[in-house]
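A.B. asks: I'd like to ask you about the structure that follows.
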Amino acid sequence: MAIRDIVIYPADVLKKPTRNVEDINDEILQIIGDMWDTMYEKEGVGLACNQIGIDYSIVIVDTSVKEGVQPVRITLINPQIIASEGKQTYKEACLSVPGISAEVERAYWIKVKALTPKGQEEIFEFEGFPAVVLQHEIDHLNGKVYLERLKGLKKRLALDKYKKVLRQLERAKKKNS
Ligand code: NI
């Protein structure tokens with residue numbers, strides 16, 4: 001297993017829907033292992049496969065590293081939200097959108113259909129913080145980052161701030177090359 005580079009928004013692979021995994025073979029299991037290594041290295045609570053530049057529909061979540069929230073540790077393949085209810089607002093951040101965070105409104109409860117790494121189709125229910133993380137990650141698989149969920153002024157401010165972050169990253173890159 002290996003730590004991969006995190007792809008930074010607005011890279012193309014983050015803006016296109018991912019494709020479903022047809023066969024959970026060694027390649028897929030290797031990618032999942034790399035996703036776990038990468039997420040722990042970067043101290044994230046969730047990661048979508050396209051964030052390491054591979055357009056498969058896979059997400060991983062581990063909320064147990066965060067205090068005071070329901071611990072959920074899970075790998076989901078081809079996940080689909082099939083029902084949702086309620087509302088909650090949480091301040092979100094993303095490894096692919098460094099340097100900023102913003103409050104996003106999402107469903108409080110979701111029901112998700114997905115394959116497990118063993119290839120079994122199962123129905124899962126999540127609420128509270130784990131539901132936030134799952135919705136954020138499944139958005140990634142649909143080619144969306146959380147910034148696109150913001151509206152009006154909040155969105156403009158976040159995008160402006162992010163442009164500055166990108167310019168700083170660009171400058172730092174030039175310095176190091
Ligand atoms: Ni993200």
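Heads up, residue numbers simply count up from 1 along the chain you see.
For all residues, glycine too, the Cβ spot is worked out from N, Cα and C.
What TrEMBL lists as Fe cation binding site is Cys94, His136, His140. The annotation active site is assigned in TrEMBL to Glu137.
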A.B. asks: For the recorded Fe cation site formed by Cys94, His136, His140, name the remaining residues of the chain with Cβ within 8 Å of the site's Cβ center, in chain order.
C.D. replies: Gly46, Ala48, Gln51, Glu92, Ser96, Val97, Glu137, Asp139, Val145, Tyr146
A.B. asks: Indicate whether Cys94 (Fe cation binding site) is helix, strand or coil by DSSP.
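C.D. replies: SS state of Cys94 (Fe cation binding site) = strand.
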A.B. asks: Within 10 Å of the Cβ of Glu137 (active site), how many other Cβ atoms can you find? Include all protein chains, please.
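C.D. replies: There are 23 of them.
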A.B. asks: Neighbour count, 10 Å Cβ-Cβ cut-off, for His140 (Fe cation binding site): what number do you get?
C.D. replies: 25
A.B. asks: Should His140 (Fe cation binding site) be counted as helix, strand, or coil on the basis of DSSP?
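C.D. replies: It is helical.
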A.B. asks: Please list residues from the chain of Cys94 (Fe cation binding site) whose Cβ is under 8 angstroms from its Cβ, counting only those at least six apart in sequence.
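C.D. replies: Once residues fewer than 6 apart are set aside, Cys94 (Fe cation binding site) is near Tyr9, His136, Val145, Tyr146.
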